[in-house]
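Participant: After the structure tokens below, expect a handful of questions from me.
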């Protein structure tokens, strides 16, 4: 007769009390997961999260209360979970899982790792660490009513990176700077403007009119004189935006007239841009002030964040936010920078005001602060119930692994509507590793198309190896028969190479680079394919990458097979090209709430 401890077999219950597990993330899913683990009988838990508690977390992250705002998520989650089971041994780390301290040896001390993350970079990293340590990983995510849980085991299942992920949507610089046609273009512009004025300046985030726009067949030297400035101080003369703003004392009116009048008049001189588009309409602070209606200042019924202010209302909001942010900058001292945060009221006010004024100029309907925040922060709706269901499924899959029943594990989808079998929870058999994966194959290899005469070593390191291929501290050696070290993770060894082009080191079409990330215990062979025909604003392309769209609709027979496998109404978008799993959920869409890439574990 099977001996039970509660609802579990005694052997399994004993295993739970002794095994050590790691929870990465203590947000919406993480809070539910920690509670489930201690109530199920897990006694040795370590939890890591980089984030601190914000008021916006309190509607779904139930381990936190108002008194905890500003404190470490991991630490408070530990203290709250211990109230459910005081005998549990929980260790909390207020840190990034990508910190080199959490190396392969750190991961090897766990029997199981459970992800409750909100961004791709951290997911990629944990995936590689678990592969290197040969530890089972349970991956998860939610988005509104949708959710997914899957199990990753080296050599047995697909890893997180086996299927290509859609790249985050970006917009051409000339669209952002010259011809915005959607509210999101104006919101991105406003976020760029925040950094140009108050944060870290980035040459790729310029906000002034783009004179190199290929659509604008004009001669700046002939037409610049036609753009008259309202006052001398309002003419930025195309120098550093921050330097000019500082020279005006961050005068909100001068900033306003420069951004929303002078620059717009400058754009109007680019005649060709407006032959098939509605031309923008410049705004003038003093004219708006004189014509402002008193009722714009009167309170409106309804939630404040969901109200859409008038033009003068946004002018006032712009003024208030500039004054507040410039004061904050001044308090921080010389050379200080502010970091844009969707949960920082003055920063959010600034982006709301600036983006709405630009929307009005380009004849778009203005948006509420709530809508702007949703788009600016890439906010995906979070529902507490969905997080609870997914956290429960994580534990159930974990129990299968600890019972030695890995073959019984499934990828489980939580759908918004029942499928044809009237099921909301849809289990699918785990897919085997992809033969083309550049992470979990025995000898990972990729081909990258780029211009060796224009790509700098720093771009190779940051944009390609770190950003695109998810490495943390890459070392690069050229396979040139000499073993030339191009990039070293040791500080100061190869920094002199950063500003040089790849061609300066003899790298050409057909060159091969061996890239090692010792933290991730990961080696990647990069084949260089030289080209001079990349599209504008495209630095490189990964050759053979799958298109970022779903596969074609299935045939009737495929649908029958799909129903048999239990995933007929799985949510989109797809990440798998296999017939029976052709509508597999993209875990990057299934974030806990905020997929803005700023946190490494929340």
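Using N, Cα and C of the backbone, Cβ positions are placed for all residues, glycine too.
The following feature annotations were taken from TrEMBL:
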type: ACT_SITE; residues: 174; note: active site, glycyl thioester intermediate
type: BINDING; residues: 25-30, 49, 57-60, 73, 96-97, 118-123; note: ATP binding site
type: BINDING; residues: 159, 162, 437, 440; note: Zn(2+) binding site
type: COMPBIAS; residues: 216-235; note: compositional bias 'Basic and acidic residues'
type: COMPBIAS; residues: 555-579; note: compositional bias 'Polar residues'
type: DOMAIN; residues: 8-409; note: domain 'THIF-type NAD/FAD binding fold'
type: DOMAIN; residues: 545-578; note: domain 'SUMO-activating enzyme subunit 2 C-terminal'
type: REGION; residues: 203-235; note: region 'Disordered'
type: REGION; residues: 545-584; note: region 'Disordered'
Participant: Given the model, what does the mean pLDDT over the domain 'THIF-type NAD/FAD binding fold' (8-409) come out as?
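Facilitator: Over the domain 'THIF-type NAD/FAD binding fold' (8-409), the predicted model scores a mean pLDDT of 87.
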Participant: Could you tell me which of these binding-site residues, 59, 96, 119, has the fewest other Cβ atoms within 10 Å of its Cβ?
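Facilitator: Checked 59, 96, 119; of these binding-site residues, fewest Cβ neighbours within 10 Å: 59.
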Participant: Quick one: pull the CA-CA distance for residue 59 (ATP binding site) versus residue 437 (Zn(2+) binding site), whole Å only.
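Facilitator: Here the two Cα atoms are 39 Å apart.
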Participant: Using only C-alpha positions, which one of 49, 122, 174 is spatially nearest residue 437 (Zn(2+) binding site)? These are the recorded positions in the record.
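Facilitator: Going through 49, 122, 174 one by one, the closest to residue 437 (Zn(2+) binding site) is 122.
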Participant: Relative to the Cβ of residue 440 (Zn(2+) binding site), which residues of the same chain, six or more apart in sequence, are found under 8 Å away?
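Facilitator: The list for residue 440 (Zn(2+) binding site) reads 131, 154, 155, 159, 161, 162, 433, 434, given in order along the sequence.
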Participant: If I take the alpha carbons of residue 174 (active site, glycyl thioester intermediate) and residue 28 (ATP binding site), what is the distance between them in whole Å?
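Facilitator: So the alpha carbons of residue 174 (active site, glycyl thioester intermediate) and residue 28 (ATP binding site) sit roughly 38 Å from each other.
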Participant: Out of 25, 28, which of the binding-site residues has the smallest number of neighbouring Cβ atoms within 10 Å?
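Facilitator: Taking 25, 28 as the binding-site residues, the minimal 10 Å Cβ count falls on 28.
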Participant: Around the Zn(2+) site (159, 162, 437, 440), what further same-chain residues have their C-beta within 8 angstroms of the site's C-beta centre?
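Facilitator: Counting only non-site residues, the set is 131, 158, 160, 161, 433, 434, 439, 441.
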